[in-house]
């Protein structure tokens, strides 16, 4: 083991940049966090300022070391985990972005996606990239930038512009432009990457007219990519040695490294991943086949279902509807009523993700009667998170043939005991909440630490997977199915709301 005592995980999320310091026993020593601006130029469009992402992330790194009172030469390695799919294009020479980052939630490329469907690309994309055609993924976002920023496609062909997901952007900045890389997990979310040959897909690049010259080199999730002296006194060079997209990092942090193990992360959106080992399972039920990390950071595969609005729907109750003052209040108000009084909230504010994939669905509240009050709507909004999770799990079990015995959970909303109990009730499955909640950062730290020998193998980490609380189903099957049938009816009516007549 190295004499250096700590690993730093950088967790670049959708609404904030965070830095977490961990010791050899995977204890969290200190955390620093900075929020940044969400930019909404038009309805359904979402952007970030890449320079603000960099500024907030780099300052959290400086802050977290100061908070922990440790110097940079005590850091063995840095791991990075990031919001996936969010797309940045910048000038190689100056490091200046040519456009704002187009965020994963942004729906502006729905028309490009319609063209791909009309051109019969669905089967090819599913078979080779593991994905469905949706504005969510990076490929159509890159095309949009190249289509709309004058002269950019020609500049990209000349090697003057670079593309990256957020991990790539951060490493480029941290290494002063010396290293242009991504890892397999992030590459697998671009719709430009062949998950079987593990290389950029020439046909997808041709179809979307994206020059190969602008793409990063793709590497394993656990190896040394480069070094940085950011935040360090006296210029100590710290290896950057772990990268994984946030959901794959959480899967690894939960130590779901064996076939059939699954986790659900309750953040801005909800993301369920099931490790399928060395086998890429093709989904017949609207799920994604994606790349995950095996026990040493090598390529494994996973099935993934994405729910776009989870914590974001609670923020909507707080910020737009003013029904609660704080996200934590939602549990208190939800438990003031016995049920939702027949109300279902479908939070399809930006369309629906897995297994529906309908960018034209919109949010709706069904079952309103005169007796419905704010508490019923708050409760129904919380319940919608659990219903959407069941939608995904049903699809996952059908594709994999694996019946899940326990679901590991993480993310901000898992502190809500009402939601976790309802989740167990509506799934009819055990829900396991870990003691260490920072599993996304843990995953990045584990990947970075394994690469530099800070930890020798995962066996050293197994005892860290302590379950703080287990939730068990508390309702009958008939009641479960009755409630779920109501949800399915509500979803059906929220779909295709925005679709334009041909």
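Here the Cβ of each residue, glycine as well, is placed from N, Cα and C on the backbone.
Quantities reported herein were computed from a predicted structural model and do not represent experimental measurements.
Copied from Swiss-Prot, the annotated features are:
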- 14, 84, 85, 136, 246: sn-glycerol 3-phosphate binding site (BINDING)
- 14, 18, 268, 311, 412, 416: ADP binding site (BINDING)
- 14, 15, 16, 268, 311, 315, 412: ATP binding site (BINDING)
- 84, 85, 136, 246, 247: glycerol binding site (BINDING)
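All features noted in Swiss-Prot, drawn onto the structure.
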{"residue": "14", "record": "sn-glycerol 3-phosphate binding site", "CB count, 10 Å": "22"}
{"residue": "15", "record": "ATP binding site", "CB count, 10 Å": "16"}
{"residue": "18", "record": "ADP binding site", "CB count, 10 Å": "23"}
{"residue": "84", "record": "sn-glycerol 3-phosphate binding site", "CB count, 10 Å": "27"}
{"residue": "85", "record": "sn-glycerol 3-phosphate binding site", "CB count, 10 Å": "26"}
{"residue": "246", "record": "sn-glycerol 3-phosphate binding site", "CB count, 10 Å": "27"}
{"residue": "268", "record": "ADP binding site", "CB count, 10 Å": "21"}
{"residue": "311", "record": "ADP binding site", "CB count, 10 Å": "20"}
{"residue": "315", "record": "ATP binding site", "CB count, 10 Å": "15"}
{"residue": "416", "record": "ADP binding site", "CB count, 10 Å": "21"}
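Straight-line distance linking the Cα atoms of residue 315 (ATP binding site) and residue 268 (ADP binding site), rounded to a whole number, equals 9 Å. All protein chains included, residue 16 (ATP binding site) registers 14 other Cβ atoms within 10 Å of its own Cβ. Following the DSSP three-state reduction, the secondary structure of residue 315 (ATP binding site) is helix. In this entry, ADP is bound by 14, 18, 268, 311, 412, 416, whose most widely separated C-alpha atoms sit 22 angstrom apart.
For residue 136 (sn-glycerol 3-phosphate binding site), other Cβ atoms within 10 Å of its Cβ number 28. For residue 412 (ADP binding site), applying a Cβ distance below 8 Å and a minimum sequence separation of six or more within one chain yields 266, 267, 311, 327. Spanning the residues 84, 85, 136, 246, 247 that the record associates with binding glycerol, the maximal Cα-Cα distance equals 15 Å. Taking a C-beta cut-off of under 8 Å and a sequence gap of six or more, residue 247 (glycerol binding site) has these contacts in its own chain: 84, 265, 271, 273, 304.
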